[in-house]
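Okay, structure first, notes after.
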């Protein structure tokens with residue numbers, strides 16, 4: 001009687017036992033616990049709640065996919081650069097979970113009308129959201145490029161700054177479009193053009209790196225990065241000057257101080273009004289300007305790039 005051999009397929013368990021693999025497992029667990037607790041409380045209705053839920057669920061799903069791909073050892077079959085994609089997503093994971101961790105309690109935890117048990121679940125969910133954010137921060141610190149190391153561009157400081165720049169731009173779009181603050185003056189429309197152009201170019205850089213398409217550029221990649229960073233610094237510097245003038249100067253129809261109707265709102269300790277959004281755009285413009293300046297400095301010093 002012939003001997004039958006059974007083939008046992010064993011995945012790459014070493015990736016799960018590595019420090020990065022362990023951190024990713026914790027990210028999946030923490031994110032799952034977070035959105036499960038929030039769903040249990042039922043306190044996540046509305047656009048802000050949907051946004052927070054999307055952040056936790058999206059991070060959970062993509063991290064789980066990354067774990068499965070690395071466990072199966074099929075990174076080379078994926079249509080993306082595996083030297084760039086995981087670190088890019090990890091950085092987005094930091095920013096998304098951090099935003100949800102800050103926004104959710106401000107919107108839903110202040111309402112004391114709900115019973116203490118529901119609030120306790122919310123507090124625990126916020127704690128696990130903090131842990132999820134911390135786990136992504138650790139992953140970024142473990143996988144980012146070390147001094148002298150030649151790796152994917154997105155693992156370098158300029159690559160991580162690109163992620164930060166696009167995320168901040170997305171937040172600016174939220175504040176500037178509801179209501180359409182830029183329609184107050186043509187100069188503010190210029191600021192909107194600055195945010196859009198720089199956002200699109202940063203996204204293009206990320207897509208080129210993750211998709212391994214940098215060879216499509218008609219010029220050297222490092223020269224393109226330095227030129228774009230310089231252009232972005234100049235454009236954001238102009239927006240940093242123009243936006244506060246036309247948003248807060250009375251001569252141009254602005255409001256220099258917070259209106260009385262913005263003081264408070266029912267059910268919340270703090271109400272975000274249109275004037276607050278103008279301030280938020282000004283602050284985020286300054287933050288992104290600093291990010292682009294750092295990007296320019298690092299891009300000028302970055303000599304060896306492997307995508």
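Going from the start of the chain as shown, residues are counted 1 onward.
Cβ coordinates are placed from backbone N, Cα and C, and glycine is handled just like the others.
Per Swiss-Prot, the range carrying the annotation transmembrane segment out of 19-39, 250-270 is 19-39. Mapped onto DSSP helix, strand and coil, the domain 'MARVEL 1' (15-148) counts 109 helix, 0 strand, 25 coil. For the domain 'MARVEL 2' (153-304), the model's pLDDT averages out at 86.
Scored by C-beta pairs under 8 angstroms, the transmembrane segment (54-74) has its highest count with 19-39, from the stretches 19-39, 85-105, 123-143, 190-210, 228-248. The stretch in closest packing with the transmembrane segment (123-143), judged by the count of Cβ pairs under 8 Å and taken from 19-39, 85-105, 278-298, is 19-39.
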